[in-house]
Amino acid sequence: LLEKMADVSLKEVALILGVVAACYWNSLFCGFVFDDVSAILDNKDLHPSTPITNLFQNDFWGTPMSEERSHKSYRPLTVLTFRLNYLFSELNAVSYHFLNLVFHVVVCVVFLKVCKLFLDNRSSVVASLLFAVHPIHTEAVTGVVGRAELLSSIFFLAAFLSYTKSKGPDNTIVWTPIAMTVFLVAVATLCKEQGITVVGICCVYEVFVAQGYTLPVLLDTAVQILRGKGSIPFSMLQTLLKLIVLMFSTLLLVVVRVQVIQSQLPVFTRFDNPAAVSPSPARQLTFNYLLPVNAWLLLNPSELCCDWTMGTIPLVESLLDVRNVATLTFFCFLGSLIVFSLRYPGDSSKTVLMALCLIVLPFIPASNLFFPVGFVVAERVLYVPSMGFCILVAHGWKKLSNKSVLRKISWVCLAAVLFTHALKTLHRNWDWESEYTLFMSALKVNKNNAKLWNNVGHALENEKNFERALQFFIQATQVQPDDIGAHMNVGRTYKNLNKTKEAEESYMIAKSLMPQIIPGKKYAARVAPNHLNVYINLANLIRANESRLEEADQLYRQAISMRPDFKQAYISRGELLLKMNKPLKAKEAYLRALELDRTNADLWYNLAIVYIELKDPTEALKNFNRALELNPTHKLALFNSALLMQESG
């Protein structure tokens, strides 16, 4: 990196550092919100007691990659940096936010270095500053989980910089930088999947910038060769050789990555990404409409929102929808830029071409156009594409400021943009302070997303403010009447407010929304495990009434039939069967649960209680001891085993 920083002066670094610090200092006061909770607070892979090798077997959220419920996002190096934070300050959020800030500065500086390949000094600094203050980055910098983007971008840009050194004097090939590029691409991909797209950018750079071909020249040569008139020029053969080496090593990376996800794609529900399960043409129209939506977020980042799932963007269902105009305008604009950059020789078209590559290629994995992803729009995904956007803006600004008439006004406008963006970024950081502030700010932008109403409810529920939480949960059920989770939340909150009748009604609605049992269909793939809790919660509720124990048992059995590996159902059913004086059946249920999870102390304890009911104290004592091995401070197990010892003298 030091050698790469050589032509970025200390003044420039200091400027960038100052600007980033001014925009993001308040992110240090934010906590862990949204995805940070599952990636950091609940992630066992951060604890020093977990072996390091687990990082390379689990996904970003600490779930083993082999499990069906895994999200398949494999980013071990990012988790490794979280682990360093944990070593340093355990779960104190300040150190996590601080490291994100440092990484953002590094990205800005390396980006400045990349800009200098295609822009003059002043415009490069402008592009880098625009990138440093752009409000779209708040999700990547202030949300701790966004570190995956930051790290991936550092290695992404470093890989590209390394590749630009692969052309020696007289167009010879220098192999060391190419090997370095492949290594850096692998590292970037281990931080976040889209790192691999830098290979495409290297290829375009090689053909159109390093070798200086334009599309007409390439077509001419191709026509000559096909007619059998000319042979391929030597320089072209060398270029081909480089590209083949790059492509081949990338293919290897992709193969390894597919091996890691064990060739299953993750399972997303229709709530995460409604368009992905819609029929044609609605699916194609909506996915294409999302491109101008993303472009608009870069141009005018005033309406930022942390979660664009569910009903945020209604589907574009017909060709007559007004929003198709936006899609058409976007493609016309993009098309004209592509034509300009590929047809004409000259520095300007090369700059535009590289900026377009930076916008388009890194965005492709998240665009839904080739395979569905678990979100509709996500601001953090625009972190790398916004680099290309900033180069385009800086390039346009340079052209304007060179005209004497427009010089003053272009400087004024630039200052205004930088200042407003910086203010917006500073203001937006406060939204990430806590779950409550984050989701309330999101509700201002879109009221049609049930997930947001639910999340505000959860934040209030965690503060034991059940009355207000209930209002938000009920609103969620009105926005999305078929959202099972929302009805479960309403039921749970009623139960917390001791309104059992209303709670039961809500659970019954949730249960009626579950997929009906179709004989011979395998369920595991169709039912989200947390939705099965409907049966558990409902059964736990009606169990309080002695006359309805049979009914409760039937609900547990139904949950088990829908998902035979549903541990919680066996545990709750075992407790119920004991209450119904059926200890043998209870024993069966607990043994089944223990097959699924042998490390649960409460299970061994419950099994011991069953043995006491079955008048078998020696087995009971054995099981109490198993529970105590797993959890030496299990009070009830300690107390009951003492009682047994006392009775047996």
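From the backbone N, Cα and C atoms, a Cβ is placed for every residue, glycine too.
From a predicted model like this one, the values you see are computed outputs, not experimental measurements.
As recorded in TrEMBL, the features of this protein are as follows:
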- 263-334: domain 'DUF1736' (DOMAIN)
- 450-483: repeat 'TPR' (REPEAT)
- 567-600: repeat 'TPR' (REPEAT)
- 601-634: repeat 'TPR' (REPEAT)
- 12-34: transmembrane segment (TRANSMEM)
- 94-112: transmembrane segment (TRANSMEM)
- 144-161: transmembrane segment (TRANSMEM)
- 173-190: transmembrane segment (TRANSMEM)
- 196-219: transmembrane segment (TRANSMEM)
- 240-260: transmembrane segment (TRANSMEM)
- 325-344: transmembrane segment (TRANSMEM)
- 351-375: transmembrane segment (TRANSMEM)
- 381-397: transmembrane segment (TRANSMEM)
Outside the transmembrane segment (381-397), at least 6 residues beyond either end, the same-chain residues with a Cβ under 8 Å of its Cβ set are 111, 114-115, 118-119, 123-124, 126-128, 130-131, 134, 136-137, 140, 146, 149-150, 152-153, 156, 194, 294, 297-298, 348, 351-352, 354-360, 362-363, 366, 410, 414
Sequence-distant contacts of the transmembrane segment (351-375), meaning Cβ under 8 Å and at least 6 residues beyond its ends, amount to 71, 117-119, 156, 193-194, 197-198, 200-201, 204-205, 208-209, 265-266, 268, 272-273, 275-276, 287-288, 290-291, 294, 308-309, 334, 337-338, 340-342, 381-382, 384-385, 387-389, 391-392, 395
Between the transmembrane segment (196-219) and the stretches 94-112, 144-161, 173-190, 240-260, the largest tally of CB pairs under 8 Å belongs to 240-260
Sequence-distant contacts of the transmembrane segment (240-260), meaning Cβ under 8 Å and at least 6 residues beyond its ends, amount to 65, 74, 166, 173, 178, 181-182, 185-186, 189, 193, 196, 199, 202-203, 206-207, 232
Residues outside the repeat 'TPR' (601-634) whose C-beta sits under 8 Å from one of its C-beta atoms, at least 6 past its ends, are 571, 574-575, 578, 583-584, 586-587, 590-591, 593-594, 640-641, 644-645, 647-648
Same-chain residues at least 6 beyond the ends of the transmembrane segment (94-112) with CB under 8 Å of its CB atoms are 1, 4-5, 8, 12-13, 16-17, 20-21, 24, 27-28, 30, 32, 40, 81-82, 85, 88, 124-125, 127-128, 131-132, 137, 140-142, 144, 146-147, 150-151, 153-154, 157-158, 161, 387
Sequence-distant residues near the transmembrane segment (325-344) by C-beta distance (under 8 Å, 6 or more away from its ends) are 208, 214-216, 285, 288-289, 291-293, 295-296, 350, 352-353, 356, 360
